[in-house]
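Worksheet: one structure, shown below.
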Amino acid sequence: MQRIYDAQNELSAATHLTSRLLKEYDKQRFPLGGDDEVMSSTLQQFAKVIDELSSCHAVLSTQLADAMMFPISQFKERDLKEILTLKEVFQIASDDHDTAINRYSRLSKRRDNDKVRAEVVEDVYTSRKKQHQTMLHYFCALNTLQYKKKTALLEPLLGYMQAQISFFKLGSENLTQQWEDFLGTIGTSVQNVRREMEEEVGQMQENIQQMERSCDPLYAPCDPDPAHSPVCRNLTRKQGYLYIRNKTGLVSSSWERQYFFTQGGNLMQQGRGEVAGGLVTDLDNCSVMAVDSDDRRFCFQVTSFDGKKVVTLQAESRKDCEEWISTINNISRRIYLSENAEELAARVNQTALEAVTPSPSFQQRHESMRPSSKGRTGRTSSISSVGSEPSPALSVLSLDALVAPDTPIQFDIISPVTEEISGQNKAAAQPGRRSNPFGESGDNAAEDSEDSILHQLFIVRFLGSMEVKTAESADVISETMRQILAARAIHNIFRMTESHLLVTCDCLKLIDPQTQVTRLRFPLSSVVHCASHQDNKRLFGFVLQAAGGRGDSRVVCYIFESNNDGEKICDSIGLAKQIAFHSEMESKAVEKKKEQDKAKEKQQEELNKQRQIEKDLEEQSRLIAASSRPANLPTPDGQFLVLSSSQSEESDVGEEGKKRGESEA
């Protein structure tokens, strides 16, 4: 019965655990399992049924404990223990009685002592009475045990049967016709799943056979017909096995085959047997190129943006190598961050391919417009967006009119020091002043940075520059971008020089981020146009019109790539030009006001002089009139005032001294 009770408890616990695990099935994440709502709801229904069964088993366990285990446990622990105790007491009473009888039988006839004899008789009486009473209780308990033994055997069995009957009744009440229909539906669903599995297995076998027949040429490491499988250059994600070179010493190295894959802007590797991949290098703003190895073919090298980490990898074929290079190059440009990454990569690569030959639409437009007038429209806005509606100037100017076909492209930064600039620097150089080898002195740069109102710093990378024919069309930046990107893609030039672009109200400066030395300085007045790319907003450029050494002007277009939006940089340059224009207008207004103030002061001085002359003339006329009067003039009191000649002369002298003092003042 104890084993039955323990087994029932184990069954109840196992049933409850099964129900709990079925309820938690939705929280499991299987590697190949999808979101199957039907399966989840079915398991939830089973969990509900099994939970009810678990409750029934728990009730059965409680009934078995009360009706089966309790009576037999009480019989063992109470009744049998009582019999054993009475047996021991009866045995002790019997031993005491035997001892008293032996003592009584050893009483002597010769030495009869009444006191001793009375004690022995009393002892025999007490022990015999105790033995008799104990015997009666012991025999009564033995007779009662015969009945308790029957009840102790029948009551647990009765409780067991009643508990089982109650369990089955409870189960029949819970497992109604509804659950029977549900179980029937589930059985039908299981048969349908097996049928679908057999059909799927058959279809998969057919597909495997077809793929084995069609993919037989792909088993070779190199494709004998490159035209059959062209290189895809529009990828932004790629994975596959590559060999990586690991240095084992100063000169020696070893190659290890690993599984590589791209994840966002990172290159990851995963060894055989590993659960997750590890980071190899960051691909943002990195450079990648094909390299020649002494002992391996189809190798390429990935260099981090700071140049501190270089990874050399080997692909299985030339096609795989070119696809890896194109994919890493697309990731380096951060094309994967856009919504339609593959479409953007396709447009960029298509632009690179179209840059090899002039665009037919431009040629047709040029041929159709050749007989027309050659007038040029006015200068467009200095800030525009490349790739918008064609400007009127572009309808007249063709590609040949914008950029010469064989114009060299400069991919590195070289200071454009012309004869005029060098002459100005020689004339401006003074003893004791240290000049910058890039054509500017440190004092001038400090003065520019102190006097300028606007200071904005941007991180840019120089893509290239080339001389153009005209500066009157903003579309020249679009054509220059197209040719420079195409040349970089064709010649596999991915390394770019990173600089800090400082935008002030006086000039644009390219500063070395490590040495803080100014690499290039562009006067803001010579910047004609500035625009960003229509699709890739990180690309921007500006047209610079610089005066040559013999009086002619050179028009150069510079193309850059920025970490943030290129339109912000163009807006900053436009704001700097507006601030410079307003500053120039304010300075002109101040100078004009100063000239007006000077003219007013001069006019006021002339007016004061004229008034003084009029006052002097009036004074002289008054003196002449006074001198022409009679000598003795009557006073108001009736007296005569006599003016001598000395007094008149003194008055003349005083007037002349007063005039002389005013003129000197």
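Backbone N, Cα and C define each Cβ position, glycine as well.
A TrEMBL annotation is a machine prediction, not a hand-curated record.
According to TrEMBL, the compositional bias 'Polar residues' annotation covers 370-380.
For 381-392, the entry in TrEMBL reads compositional bias 'Low complexity'.
Shown for the compositional bias 'Basic and acidic residues' (588-621): DSSP residue counts in helix, strand and coil, namely 34 helix, 0 strand, 0 coil. What TrEMBL records for 588-621 (among others) is compositional bias 'Basic and acidic residues'.
Annotated compositional bias 'Basic and acidic residues' per TrEMBL: 655-665 (among others), in sequence order.
What TrEMBL records for 235-333 is domain 'PH'.
In the predicted model, residues of the domain 'PID' (458-593) average a pLDDT of 82. For 458-593, the entry in TrEMBL reads domain 'PID'.
Among the features that TrEMBL reports, region 'Disordered' is placed at 355-392 (among others).
Per TrEMBL, the feature region 'Disordered' maps to 422-446 (among others).
As annotated by TrEMBL, region 'Disordered' applies to 588-665 (among others).
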Summary of DSSP states over the domain 'PH' (235-333), given as helix, strand and coil counts: 15 helix, 45 strand, 39 coil
